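Take a look at the structure set out below.
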Amino acid sequence: MNDDTDAMAKPDSRFAAKVFPSPNHGERKQPDGTPGRRPDMLILHYTGMPIAGEALQWLCNPVSQVSSHYFVFENGHTLQLVPEGRRAWHAGASHWGGEADINSCSIGIEIANPGHPGGLPDFPEAQIAATLALCRDICERWSIPPERVLAHSDVAPGRKIDPGEKFPWRRFAEGGVGLWVEPAPIRGGRFFARGEAGQPVEALQAMFAMLGYGVTVDGIYDERLEAVVAAFQRHWRPEKVDGVADSSTITTLRDLLAATQSARVA
Ligand SMILES: [Zn+2]
């Protein structure tokens, strides 16, 4: 316990003003259960509560069993709650790239915003600038690849919708954080939606699985696939989030996969 306290005397990132410790953390684990998983993923959240200070208190309350590594207020003021080397409890039941214990392999940032229940107000400029600087620093220090900077909604589709479709992913990618391709324009044409089944749906599922989403490739466009499509749209085609795989969504997915492949090779 002393070690943790000592390690937390100073924030891991120079972009955090100070440490405001949460007791809610544990040991990072490898998929086989042995300790020592290194974080190689960054997950962004919004708090979804009307008052930032209350969200912060909740993340530091042992009763809540939730936490994050960092907390960014609307004015950009940033606190560190959990040491980066420890497993914070922000992702819950999640999947990405074949892994299920996302808390063990990620660093989580909570961004104070009332979220969809509070009308999804814009993220203030000071908050975005502070979050971007923090993310860039974390990605550099841990060599987190751009395609592994994700929304909570990406790793828990159907269960989570944060940080929401107003989060400025494009600007983050321009600032060196995360992966972005220009979304294909929305127009008519062939589309797939809930209730359909068959080989084209299977091919679509395979593309989402290749990107990292936790999808079952069974050729059935059910509620679960609809949630994955909506999560993808929320992040990469935010103009229209409806869970329908229209040609704009499919083209954007294909372009993003191509960008991911070249990012992985580089
Ligand atoms: Zn979240």
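Just so you know, glycine gets a Cβ as well, placed from its N, Cα and C.
Here is what TrEMBL says about this protein:
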| type | residues | note |
| --- | --- | --- |
| REGION | 1-39 | region 'Disordered' |
| COMPBIAS | 25-39 | compositional bias 'Basic and acidic residues' |
| DOMAIN | 28-164 | domain 'N-acetylmuramoyl-L-alanine amidase' |
Tally of residues which DSSP labels helix, strand or coil - the domain 'N-acetylmuramoyl-L-alanine amidase' (28-164):
40 helix, 27 strand, 70 coil
Averaging the pLDDT values of the domain 'N-acetylmuramoyl-L-alanine amidase' (28-164) gives 97
